[in-house]
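Following: one structure in C-alpha coordinates, then a few remarks.
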DNA sequence: GAATGTGAAGCTTTTCACAGCG
DNA sequence: CGCTGTGAAAAGCTTCACATTC
(Lines of atoms letter the chains of each structure in order from A and count residues from 1; the text may use other names and numbers.)
(Lines give C-alpha, C1' and ligand atoms only; values in the text may rest on other atoms or scores of the structure.)
Protein backbone atom coordinates (compact mmCIF):
# COMPACT_ATOMS: atom_id res chain seq x y z
CA UNK A 1 0.00 0.00 0.00
CA UNK A 2 1.14 3.43 -0.72
CA UNK A 3 1.83 5.99 1.88
CA UNK A 4 2.12 9.65 1.16
CA UNK A 5 0.08 9.57 -1.99
CA UNK A 6 1.17 12.08 -4.42
CA UNK A 7 -1.51 13.93 -6.19
CA UNK A 8 -0.41 16.89 -8.19
CA UNK A 9 -1.61 20.40 -8.43
CA UNK A 10 -0.49 20.14 -12.00
CA UNK A 11 -0.11 23.82 -12.46
CA UNK A 12 2.57 25.53 -14.41
CA UNK A 13 5.84 26.14 -12.74
CA UNK A 14 6.84 29.71 -12.28
CA UNK A 15 4.79 30.77 -15.24
CA UNK A 16 6.22 28.19 -17.62
CA UNK A 17 3.75 25.45 -18.55
CA UNK A 18 4.90 21.96 -17.72
CA UNK A 19 4.47 20.89 -21.33
CA UNK A 20 6.85 23.60 -22.38
CA UNK A 21 9.44 22.64 -19.77
CA UNK A 22 9.38 19.11 -21.13
CA UNK A 23 10.28 20.40 -24.58
CA UNK A 24 13.05 22.79 -23.62
CA UNK A 25 15.67 20.01 -23.47
CA UNK A 26 14.68 19.04 -26.99
CA UNK A 27 15.20 22.56 -28.28
CA UNK A 28 18.44 22.78 -26.39
CA UNK A 29 19.77 19.66 -28.05
CA UNK A 30 18.86 20.93 -31.51
CA UNK A 31 20.40 24.31 -30.75
CA UNK A 32 23.57 22.74 -29.45
CA UNK A 33 23.94 20.86 -32.71
CA UNK A 34 23.50 24.10 -34.66
CA UNK A 35 25.96 25.84 -32.39
CA UNK A 36 28.55 23.18 -33.09
CA UNK A 37 28.13 23.81 -36.78
CA UNK A 38 28.56 27.51 -36.06
CA UNK A 39 25.14 28.40 -37.39
CA UNK A 40 24.51 31.94 -36.10
CA UNK A 41 20.72 32.23 -36.32
CA UNK A 42 17.77 29.96 -36.91
CA UNK A 43 14.10 30.52 -37.70
CA UNK A 44 11.29 28.99 -35.68
CA UNK A 45 10.47 26.90 -38.72
CA UNK A 46 13.93 25.40 -39.03
CA UNK A 47 14.45 24.83 -35.35
CA UNK A 48 11.01 23.28 -35.00
CA UNK A 49 11.81 20.84 -37.78
CA UNK A 50 15.08 19.88 -36.10
CA UNK A 51 13.35 19.34 -32.78
CA UNK A 52 10.41 17.47 -34.27
CA UNK A 53 7.66 19.87 -33.23
CA UNK A 54 5.63 22.43 -35.12
CA UNK A 55 6.73 26.00 -35.36
CA UNK A 56 3.71 27.63 -33.73
CA UNK A 57 4.24 25.52 -30.65
CA UNK A 58 7.89 26.40 -30.54
CA UNK A 59 7.23 30.11 -30.80
CA UNK A 60 4.63 29.89 -28.08
CA UNK A 61 7.06 27.95 -25.90
CA UNK A 62 9.76 30.56 -26.36
CA UNK A 63 7.32 33.33 -25.65
CA UNK A 64 7.10 32.05 -22.06
CA UNK A 65 10.82 32.62 -21.66
CA UNK A 66 10.77 36.14 -23.04
CA UNK A 67 11.22 37.81 -26.40
CA UNK A 68 14.48 36.36 -27.53
CA UNK A 69 13.95 36.44 -31.27
CA UNK A 70 14.23 39.10 -33.94
CA UNK A 71 11.32 39.58 -36.32
CA UNK A 72 12.22 39.02 -39.89
CA UNK A 73 15.37 37.18 -38.85
CA UNK A 74 14.94 34.42 -36.29
CA UNK A 75 16.71 33.48 -33.09
CA UNK A 76 20.35 33.90 -32.18
CA UNK A 77 21.59 30.37 -31.57
CA UNK A 78 24.18 31.09 -28.88
CA UNK A 79 21.92 33.41 -27.00
CA UNK A 80 19.07 30.92 -26.97
CA UNK A 81 21.36 28.11 -25.83
CA UNK A 82 22.33 30.24 -22.90
CA UNK A 83 18.82 31.33 -22.02
CA UNK A 84 17.38 27.84 -22.13
CA UNK A 85 20.30 26.40 -20.18
CA UNK A 86 19.80 28.97 -17.52
CA UNK A 87 16.07 28.40 -17.40
CA UNK A 88 16.61 24.67 -16.99
CA UNK A 89 19.18 25.21 -14.28
CA UNK A 90 22.00 23.69 -16.32
CA UNK A 91 24.40 26.50 -15.65
CA UNK A 92 25.01 24.97 -12.27
CA UNK A 93 26.53 21.68 -11.28
CA UNK A 94 24.19 18.85 -10.30
CA UNK A 95 25.84 15.97 -8.49
CA UNK A 96 23.86 12.79 -9.05
CA UNK A 97 24.02 9.38 -7.43
CA UNK A 98 23.04 6.17 -9.18
CA UNK A 99 21.77 3.41 -6.94
CA UNK A 100 21.75 -0.13 -8.26
CA UNK A 101 24.73 -0.93 -10.46
CA UNK A 102 23.43 -3.81 -12.49
CA UNK A 103 23.28 -3.85 -16.25
CA UNK A 104 21.18 -0.76 -16.39
CA UNK A 105 23.02 1.16 -13.68
CA UNK A 106 26.29 0.50 -15.47
CA UNK A 107 24.79 1.67 -18.75
CA UNK A 108 23.67 4.87 -17.08
CA UNK A 109 27.05 5.41 -15.46
CA UNK A 110 28.65 5.11 -18.86
CA UNK A 111 26.16 7.37 -20.53
CA UNK A 112 28.02 10.31 -21.96
CA UNK A 113 25.15 12.75 -22.13
CA UNK A 114 25.20 12.66 -18.40
CA UNK A 115 28.35 14.58 -17.79
CA UNK A 116 27.90 16.89 -20.71
CA UNK A 117 25.04 19.01 -19.45
CA UNK A 118 25.67 20.06 -15.89
CA UNK A 119 25.18 16.61 -14.43
CA UNK A 120 27.99 14.83 -12.69
CA UNK A 121 27.93 11.28 -11.42
CA UNK A 122 29.02 11.87 -7.84
CA UNK A 123 28.74 8.24 -6.75
CA UNK A 124 27.63 4.75 -7.68
CA UNK A 125 25.95 2.75 -4.96
CA UNK A 126 25.08 -0.93 -4.79
CA UNK A 127 23.87 -3.30 -2.10
CA UNK A 128 26.15 -6.13 -3.20
CA UNK A 129 29.32 -6.16 -1.07
CA UNK A 130 31.10 -7.92 -3.91
CA UNK A 131 30.67 -4.83 -6.07
CA UNK A 132 32.21 -2.48 -3.52
CA UNK A 133 35.39 -0.92 -4.79
CA UNK A 134 34.96 -2.21 -8.32
CA UNK A 135 35.19 0.66 -10.77
CA UNK A 136 32.36 1.17 -13.23
CA UNK A 137 32.86 3.87 -15.81
CA UNK A 138 35.93 4.83 -13.86
CA UNK A 139 34.03 5.40 -10.63
CA UNK A 140 34.38 2.97 -7.72
CA UNK A 141 31.11 1.45 -6.56
CA UNK A 142 30.30 2.10 -2.92
CA UNK A 143 28.23 0.00 -0.59
CA UNK A 144 24.74 1.13 0.23
CA UNK A 145 25.48 1.17 3.95
CA UNK A 146 27.15 4.49 3.28
CA UNK A 147 24.29 5.96 1.25
CA UNK A 148 23.36 8.68 3.72
CA UNK A 149 26.92 9.81 4.20
CA UNK A 150 27.56 9.88 0.45
CA UNK A 151 24.49 11.99 -0.20
CA UNK A 152 25.42 14.47 2.46
CA UNK A 153 29.11 14.67 1.70
CA UNK A 154 28.41 15.41 -1.93
CA UNK A 155 25.41 17.65 -1.51
CA UNK A 156 23.38 15.42 -3.81
CA UNK A 157 19.80 16.43 -4.51
CA UNK A 158 19.10 14.20 -7.51
CA UNK A 159 19.07 10.42 -7.25
CA UNK A 160 18.69 7.77 -9.93
CA UNK A 161 17.17 4.44 -8.91
CA UNK A 162 18.17 1.50 -11.09
CA UNK A 163 17.57 -1.28 -8.60
CA UNK A 164 15.18 -4.21 -8.93
CA UNK A 165 11.56 -3.26 -8.30
CA UNK A 166 11.52 -4.86 -4.89
CA UNK A 167 14.25 -2.64 -3.52
CA UNK A 168 13.15 0.62 -5.07
CA UNK A 169 10.82 1.97 -2.41
CA UNK A 170 13.28 1.31 0.41
CA UNK A 171 16.08 2.98 -1.52
CA UNK A 172 13.78 5.87 -2.32
CA UNK A 173 12.90 6.33 1.34
CA UNK A 174 16.54 6.43 2.32
CA UNK A 175 17.43 8.86 -0.45
CA UNK A 176 14.62 11.18 0.58
CA UNK A 177 15.49 10.94 4.26
CA UNK A 178 19.07 11.84 3.39
CA UNK A 179 17.96 14.96 1.56
CA UNK A 180 17.38 14.00 -2.08
CA UNK A 181 14.43 15.91 -3.53
CA UNK A 182 14.38 14.71 -7.13
CA UNK A 183 14.31 11.11 -8.20
CA UNK A 184 14.57 9.45 -11.58
CA UNK A 185 13.12 5.98 -11.23
CA UNK A 186 13.95 3.16 -13.63
CA UNK A 187 12.42 0.45 -11.47
CA UNK A 188 8.99 -0.70 -12.57
CA UNK A 189 7.19 0.44 -9.42
CA UNK A 190 5.15 3.37 -8.29
CA UNK A 191 7.14 5.21 -5.65
CA UNK A 192 5.57 6.99 -2.70
CA UNK A 193 7.28 10.18 -1.72
CA UNK A 194 6.42 13.08 0.56
CA UNK A 195 5.30 16.39 -0.84
CA UNK A 196 8.18 18.43 -2.09
CA UNK A 197 9.91 15.52 -3.78
CA UNK A 198 9.73 15.07 -7.54
CA UNK A 199 9.69 11.68 -9.14
CA UNK A 200 9.97 10.93 -12.82
CA UNK A 201 9.88 7.42 -14.12
CA UNK A 202 11.29 5.75 -17.16
CA UNK A 203 9.66 2.47 -17.88
CA UNK A 204 10.62 0.34 -20.81
CA UNK A 205 7.76 -2.09 -20.58
CA UNK A 206 5.17 0.67 -20.48
CA UNK A 207 6.58 2.18 -23.63
CA UNK A 208 6.50 -1.16 -25.37
CA UNK A 209 2.93 -1.76 -24.32
CA UNK A 210 1.88 1.57 -25.74
CA UNK A 211 3.58 0.67 -29.01
CA UNK A 212 1.86 -2.70 -29.01
CA UNK A 213 -1.49 -1.01 -28.62
CA UNK A 214 -0.96 1.08 -31.72
CA UNK A 215 0.63 -1.77 -33.59
CA UNK A 216 -2.42 -3.88 -32.95
CA UNK A 217 -4.65 -1.12 -34.16
CA UNK A 218 -2.73 -0.83 -37.41
CA UNK A 219 -3.12 -4.54 -38.03
CA UNK A 220 -6.83 -4.33 -37.34
CA UNK A 221 -7.30 -1.46 -39.71
CA UNK A 222 -5.49 -3.17 -42.52
CA UNK A 223 -7.75 -6.15 -42.19
CA UNK A 224 -10.82 -3.95 -42.05
CA UNK A 225 -9.65 -2.03 -45.08
CA UNK A 226 -10.08 -5.20 -47.10
CA UNK A 227 -6.73 -6.89 -47.38
CA UNK A 228 -4.99 -5.34 -50.36
CA UNK A 229 -4.08 -1.80 -51.26
CA UNK A 230 -4.93 -0.59 -47.81
CA UNK A 231 -1.45 0.73 -47.37
CA UNK A 232 -1.33 3.45 -49.94
CA UNK A 233 -4.01 5.72 -48.57
CA UNK A 234 -2.88 5.32 -45.02
CA UNK A 235 -1.75 8.42 -43.29
CA UNK A 236 -1.29 7.41 -39.76
CA UNK A 237 1.61 9.56 -38.78
CA UNK A 238 3.64 9.36 -35.73
CA UNK A 239 5.60 11.76 -33.75
CA UNK A 240 8.30 11.33 -31.28
CA UNK A 241 6.67 10.23 -28.10
CA UNK A 242 3.41 12.00 -27.63
CA UNK A 243 4.52 13.81 -24.61
CA UNK A 244 1.80 16.10 -23.68
CA UNK A 245 1.08 15.05 -20.23
CA UNK A 246 3.63 15.74 -17.72
CA UNK A 247 5.07 15.49 -14.32
CA UNK A 248 4.68 17.01 -11.08
CA UNK A 249 5.58 19.73 -8.84
CA UNK A 250 4.76 23.05 -7.45
CA UNK A 251 4.40 24.94 -4.29
CA UNK A 252 1.33 25.87 -2.38
CA UNK B 1 17.20 18.59 -42.13
CA UNK B 2 14.43 16.29 -41.35
CA UNK B 3 12.75 14.32 -43.99
CA UNK B 4 9.35 12.81 -43.57
CA UNK B 5 8.31 15.05 -40.76
CA UNK B 6 6.01 13.41 -38.44
CA UNK B 7 3.14 15.37 -37.18
CA UNK B 8 0.37 13.41 -35.60
CA UNK B 9 -3.33 13.66 -35.84
CA UNK B 10 -3.10 13.45 -32.13
CA UNK B 11 -6.56 12.11 -31.94
CA UNK B 12 -7.65 9.31 -29.78
CA UNK B 13 -7.06 5.86 -31.07
CA UNK B 14 -10.09 3.84 -31.81
CA UNK B 15 -12.07 5.80 -29.28
CA UNK B 16 -9.54 5.47 -26.48
CA UNK B 17 -7.74 8.71 -25.62
CA UNK B 18 -3.98 8.59 -25.86
CA UNK B 19 -3.64 9.67 -22.24
CA UNK B 20 -5.72 6.70 -21.19
CA UNK B 21 -3.69 4.27 -23.29
CA UNK B 22 -0.57 5.52 -21.56
CA UNK B 23 -2.04 4.62 -18.18
CA UNK B 24 -3.38 1.19 -19.03
CA UNK B 25 0.02 -0.48 -18.51
CA UNK B 26 0.13 1.09 -15.07
CA UNK B 27 -3.23 -0.33 -14.13
CA UNK B 28 -2.25 -3.65 -15.57
CA UNK B 29 0.84 -3.83 -13.42
CA UNK B 30 -1.10 -3.02 -10.26
CA UNK B 31 -3.77 -5.56 -11.18
CA UNK B 32 -1.20 -8.24 -11.86
CA UNK B 33 0.22 -7.70 -8.39
CA UNK B 34 -3.25 -8.07 -6.91
CA UNK B 35 -3.88 -11.14 -8.99
CA UNK B 36 -0.70 -12.75 -7.66
CA UNK B 37 -1.97 -12.18 -4.16
CA UNK B 38 -5.25 -13.75 -5.21
CA UNK B 39 -7.27 -10.65 -4.45
CA UNK B 40 -10.60 -11.23 -6.18
CA UNK B 41 -11.99 -7.71 -6.54
CA UNK B 42 -10.78 -4.17 -6.12
CA UNK B 43 -12.45 -0.78 -5.90
CA UNK B 44 -11.51 2.15 -8.09
CA UNK B 45 -10.22 3.86 -4.98
CA UNK B 46 -7.84 1.05 -4.03
CA UNK B 47 -6.62 0.39 -7.53
CA UNK B 48 -6.09 4.06 -8.17
CA UNK B 49 -3.94 4.32 -5.05
CA UNK B 50 -1.85 1.36 -6.15
CA UNK B 51 -1.35 2.84 -9.59
CA UNK B 52 -0.66 6.33 -8.32
CA UNK B 53 -3.57 8.13 -9.97
CA UNK B 54 -6.85 9.45 -8.68
CA UNK B 55 -9.95 7.34 -8.71
CA UNK B 56 -12.11 9.55 -10.88
CA UNK B 57 -9.51 9.41 -13.60
CA UNK B 58 -9.27 5.66 -13.32
CA UNK B 59 -13.01 5.21 -13.59
CA UNK B 60 -13.14 7.49 -16.59
CA UNK B 61 -10.30 5.55 -18.19
CA UNK B 62 -12.07 2.24 -17.67
CA UNK B 63 -15.28 3.67 -19.01
CA UNK B 64 -13.62 3.90 -22.42
CA UNK B 65 -13.05 0.17 -22.37
CA UNK B 66 -16.59 -0.69 -21.41
CA UNK B 67 -18.52 -1.31 -18.23
CA UNK B 68 -16.38 -3.86 -16.52
CA UNK B 69 -17.16 -3.02 -12.91
CA UNK B 70 -19.99 -3.81 -10.55
CA UNK B 71 -21.61 -0.96 -8.65
CA UNK B 72 -21.36 -1.33 -4.93
CA UNK B 73 -18.57 -3.87 -5.35
CA UNK B 74 -15.72 -2.86 -7.63
CA UNK B 75 -13.83 -4.58 -10.40
CA UNK B 76 -13.07 -8.26 -10.83
CA UNK B 77 -9.29 -8.43 -10.89
CA UNK B 78 -8.85 -11.36 -13.27
CA UNK B 79 -11.41 -10.09 -15.68
CA UNK B 80 -9.85 -6.65 -15.82
CA UNK B 81 -6.39 -8.09 -16.32
CA UNK B 82 -7.70 -9.93 -19.31
CA UNK B 83 -9.61 -7.01 -20.78
CA UNK B 84 -6.73 -4.59 -20.47
CA UNK B 85 -4.25 -7.12 -21.83
CA UNK B 86 -6.46 -7.67 -24.80
CA UNK B 87 -6.95 -3.97 -25.36
CA UNK B 88 -3.21 -3.40 -25.29
CA UNK B 89 -2.62 -6.27 -27.65
CA UNK B 90 -0.69 -8.30 -25.12
CA UNK B 91 -2.57 -11.48 -25.73
CA UNK B 92 -0.50 -11.93 -28.82
CA UNK B 93 3.19 -12.52 -29.25
CA UNK B 94 5.35 -9.55 -30.23
CA UNK B 95 8.79 -10.44 -31.49
CA UNK B 96 11.17 -7.55 -30.89
CA UNK B 97 14.68 -6.83 -32.11
CA UNK B 98 17.19 -4.77 -30.19
CA UNK B 99 19.77 -2.97 -32.30
CA UNK B 100 22.93 -1.78 -30.64
CA UNK B 101 24.22 -4.14 -27.97
CA UNK B 102 26.31 -1.82 -25.85
CA UNK B 103 25.81 -1.32 -22.17
CA UNK B 104 22.25 -0.26 -22.63
CA UNK B 105 21.32 -2.82 -25.25
CA UNK B 106 22.62 -5.55 -22.98
CA UNK B 107 20.64 -4.14 -20.08
CA UNK B 108 17.51 -4.18 -22.19
CA UNK B 109 18.16 -7.72 -23.38
CA UNK B 110 18.43 -8.82 -19.77
CA UNK B 111 15.37 -6.91 -18.68
CA UNK B 112 12.89 -9.41 -17.35
CA UNK B 113 9.74 -7.35 -17.79
CA UNK B 114 10.37 -7.78 -21.46
CA UNK B 115 9.54 -11.41 -21.82
CA UNK B 116 6.83 -11.38 -19.24
CA UNK B 117 4.19 -9.44 -21.10
CA UNK B 118 3.85 -10.75 -24.62
CA UNK B 119 7.18 -9.40 -25.78
CA UNK B 120 9.90 -11.71 -26.95
CA UNK B 121 13.43 -10.72 -27.84
CA UNK B 122 13.69 -12.29 -31.27
CA UNK B 123 17.16 -11.05 -32.03
CA UNK B 124 20.03 -8.87 -30.89
CA UNK B 125 21.85 -6.95 -33.59
CA UNK B 126 25.11 -5.04 -33.51
CA UNK B 127 27.38 -3.46 -36.07
CA UNK B 128 30.55 -4.66 -34.40
CA UNK B 129 31.78 -7.90 -36.04
CA UNK B 130 33.57 -8.76 -32.80
CA UNK B 131 30.20 -9.05 -31.07
CA UNK B 132 28.76 -11.47 -33.60
CA UNK B 133 28.01 -14.84 -32.07
CA UNK B 134 28.62 -13.69 -28.53
CA UNK B 135 25.63 -14.52 -26.40
CA UNK B 136 24.00 -11.73 -24.41
CA UNK B 137 21.22 -12.73 -22.07
CA UNK B 138 21.45 -16.14 -23.67
CA UNK B 139 20.83 -14.84 -27.17
CA UNK B 140 23.63 -14.75 -29.74
CA UNK B 141 24.30 -11.29 -31.17
CA UNK B 142 23.97 -11.10 -34.95
CA UNK B 143 25.69 -8.75 -37.30
CA UNK B 144 23.73 -5.84 -38.70
CA UNK B 145 24.42 -6.93 -42.27
CA UNK B 146 21.65 -9.44 -41.71
CA UNK B 147 19.18 -6.96 -40.27
CA UNK B 148 16.66 -7.13 -43.10
CA UNK B 149 16.66 -10.91 -43.21
CA UNK B 150 16.26 -11.15 -39.44
CA UNK B 151 13.29 -8.79 -39.43
CA UNK B 152 11.57 -10.70 -42.18
CA UNK B 153 12.32 -14.19 -40.95
CA UNK B 154 10.92 -13.36 -37.54
CA UNK B 155 8.02 -11.21 -38.59
CA UNK B 156 9.24 -8.40 -36.38
CA UNK B 157 7.18 -5.22 -36.28
CA UNK B 158 8.69 -3.60 -33.19
CA UNK B 159 12.31 -2.47 -33.07
CA UNK B 160 14.34 -1.03 -30.22
CA UNK B 161 17.20 1.29 -31.10
CA UNK B 162 20.00 1.44 -28.53
CA UNK B 163 22.82 2.57 -30.78
CA UNK B 164 24.87 5.74 -30.48
CA UNK B 165 23.03 8.83 -31.70
CA UNK B 166 25.00 8.99 -34.91
CA UNK B 167 23.84 5.60 -36.10
CA UNK B 168 20.22 5.84 -35.05
CA UNK B 169 18.63 7.38 -38.13
CA UNK B 170 20.34 4.95 -40.50
CA UNK B 171 19.29 1.99 -38.37
CA UNK B 172 15.80 3.39 -38.20
CA UNK B 173 15.59 3.72 -41.98
CA UNK B 174 16.68 0.13 -42.45
CA UNK B 175 14.25 -1.13 -39.84
CA UNK B 176 11.38 0.71 -41.47
CA UNK B 177 12.36 -0.41 -44.95
CA UNK B 178 12.41 -3.98 -43.69
CA UNK B 179 8.88 -3.68 -42.36
CA UNK B 180 9.13 -2.46 -38.77
CA UNK B 181 6.28 -0.08 -37.94
CA UNK B 182 6.91 0.69 -34.27
CA UNK B 183 10.18 1.94 -32.85
CA UNK B 184 11.36 2.54 -29.34
CA UNK B 185 14.29 4.93 -29.56
CA UNK B 186 16.89 5.21 -26.81
CA UNK B 187 19.32 7.26 -28.87
CA UNK B 188 19.28 10.98 -28.16
CA UNK B 189 18.10 12.01 -31.60
CA UNK B 190 14.88 12.95 -33.28
CA UNK B 191 14.07 10.24 -35.79
CA UNK B 192 12.33 10.89 -39.07
CA UNK B 193 9.91 8.22 -40.13
CA UNK B 194 7.20 7.94 -42.77
CA UNK B 195 3.55 8.15 -41.84
CA UNK B 196 2.27 4.94 -40.42
CA UNK B 197 5.31 4.35 -38.27
CA UNK B 198 5.16 5.04 -34.53
CA UNK B 199 8.18 6.26 -32.63
CA UNK B 200 8.48 6.58 -28.89
CA UNK B 201 11.63 7.85 -27.32
CA UNK B 202 13.20 7.35 -23.95
CA UNK B 203 15.74 9.96 -23.08
CA UNK B 204 17.63 9.98 -19.83
CA UNK B 205 19.14 13.38 -20.21
CA UNK B 206 15.81 15.00 -20.96
CA UNK B 207 14.33 13.53 -17.80
CA UNK B 208 17.25 14.79 -15.76
CA UNK B 209 16.94 18.24 -17.22
CA UNK B 210 13.28 18.40 -16.31
CA UNK B 211 14.16 17.39 -12.76
CA UNK B 212 16.87 20.03 -12.66
CA UNK B 213 14.38 22.67 -13.68
CA UNK B 214 12.11 21.86 -10.76
CA UNK B 215 15.01 21.39 -8.42
CA UNK B 216 16.27 24.84 -9.26
CA UNK B 217 12.85 26.26 -8.63
CA UNK B 218 12.69 24.68 -5.19
CA UNK B 219 16.02 26.21 -4.26
CA UNK B 220 14.86 29.61 -5.42
CA UNK B 221 11.67 29.37 -3.41
CA UNK B 222 13.45 28.40 -0.25
CA UNK B 223 15.61 31.46 -0.51
CA UNK B 224 12.62 33.63 -1.23
CA UNK B 225 10.72 32.14 1.69
CA UNK B 226 13.23 33.73 3.99
CA UNK B 227 15.75 31.10 4.97
CA UNK B 228 14.36 29.25 7.94
CA UNK B 229 11.16 27.34 8.57
CA UNK B 230 10.24 27.49 4.95
CA UNK B 231 10.07 23.75 4.85
CA UNK B 232 7.22 23.02 7.20
CA UNK B 233 4.39 24.70 5.40
CA UNK B 234 5.53 23.54 1.99
CA UNK B 235 3.18 21.32 0.12
CA UNK B 236 4.95 20.69 -3.08
CA UNK B 237 3.61 17.35 -4.20
CA UNK B 238 4.88 15.21 -6.94
CA UNK B 239 3.62 12.36 -8.95
CA UNK B 240 5.24 9.71 -10.95
CA UNK B 241 6.48 11.30 -14.13
CA UNK B 242 3.63 11.11 -16.42
CA UNK B 243 5.24 9.56 -19.27
CA UNK B 244 3.74 10.95 -22.28
CA UNK B 245 6.62 12.36 -24.02
CA UNK B 246 9.84 10.69 -24.02
CA UNK B 247 13.30 10.21 -25.45
CA UNK B 248 16.72 8.82 -25.52
CA UNK B 249 19.74 7.25 -23.96
CA UNK B 250 22.67 5.45 -25.35
CA UNK B 251 25.56 3.16 -24.83
CA UNK B 252 29.20 3.91 -25.23
C1' DG C 1 -25.14 1.33 1.59
C1' DA C 2 -21.39 1.28 -1.53
C1' DA C 3 -19.12 2.14 -5.55
C1' DT C 4 -19.54 2.55 -10.60
C1' DG C 5 -20.33 5.25 -14.82
C1' DT C 6 -20.79 9.71 -16.79
C1' DG C 7 -22.58 14.39 -18.18
C1' DA C 8 -20.86 18.88 -17.33
C1' DA C 9 -17.43 22.19 -15.71
C1' DG C 10 -12.75 23.65 -15.46
C1' DC C 11 -7.95 23.45 -16.92
C1' DT C 12 -4.17 22.85 -19.89
C1' DT C 13 -2.24 22.39 -24.30
C1' DT C 14 -2.29 22.98 -29.16
C1' DT C 15 -3.35 25.31 -33.24
C1' DC C 16 -4.78 29.26 -35.94
C1' DA C 17 -4.12 33.43 -37.98
C1' DC C 18 -2.54 37.87 -38.08
C1' DA C 19 -0.90 42.30 -36.18
C1' DG C 20 3.44 44.31 -35.54
C1' DC C 21 8.30 44.87 -35.75
C1' DG C 22 12.95 44.85 -37.79
C1' DC D 1 8.74 41.46 -46.83
C1' DG D 2 9.80 37.86 -43.50
C1' DC D 3 9.31 36.07 -39.23
C1' DT D 4 8.26 36.70 -34.45
C1' DG D 5 5.00 37.15 -30.71
C1' DT D 6 0.36 36.49 -29.21
C1' DG D 7 -4.69 36.99 -28.63
C1' DA D 8 -8.41 33.93 -29.60
C1' DA D 9 -10.41 29.55 -30.91
C1' DA D 10 -10.18 24.62 -30.74
C1' DA D 11 -9.01 20.29 -28.88
C1' DG D 12 -7.89 17.32 -25.22
C1' DC D 13 -7.59 15.98 -20.45
C1' DT D 14 -8.87 16.06 -15.59
C1' DT D 15 -11.93 16.76 -11.87
C1' DC D 16 -16.47 17.23 -9.95
C1' DA D 17 -20.53 15.56 -8.35
C1' DC D 18 -24.37 12.76 -8.59
C1' DA D 19 -27.80 9.67 -10.69
C1' DT D 20 -27.70 4.80 -11.19
C1' DT D 21 -27.13 0.19 -10.19
C1' DC D 22 -26.07 -3.80 -7.54
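Just so you know, glycine gets a Cβ as well, placed from its N, Cα and C.
The DNA-binding region annotation in TrEMBL covers B:26-65. Residues annotated as NAD(+) binding site in TrEMBL: B:100, B:101, B:102, B:103, B:104, B:105. The compositional bias 'Low complexity' annotation in TrEMBL covers B:222-233. Annotation source TrEMBL lists domain 'CoA-binding' at B:89-190. Look at TrEMBL and you will find B:221-252 tagged as region 'Disordered'.
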### Task
Would you kindly list the residues that approach the DNA-binding region (B:26-65) from elsewhere in its chain, counting only those six or more residues past its ends and only Cβ-Cβ distances under 8 Å?
15-17, 20, 73-78, 80-81, 83-85, 87-88, 90, 117, 239-240
### Query
If we take B:100, B:101, B:103, B:104 as the binding-site residues, which have a Cβ under 8 Å from chain A?
B:103, B:104
## Note on the structure
Counting every protein chain shown, other Cβ atoms within 10 Å of the Cβ of residue B:102 (NAD(+) binding site) number 18
### Task
Sort the residues of the DNA-binding region (B:26-65) into helix, strand and coil with DSSP and give the three counts.
30 helix, 2 strand, 8 coil
### Message
What does the DSSP secondary structure composition of the domain 'CoA-binding' (B:89-190) look like, as residue counts for helix, strand and coil?
### Response
41 helix, 29 strand, 32 coil
## Note on the structure
Cβ contacts within 10 Å for residue B:101 (NAD(+) binding site), all chains included, total 26
#### Entry: Protein Cβ atoms within 10 Å of residue B:104 (NAD(+) binding site), excluding its own
28
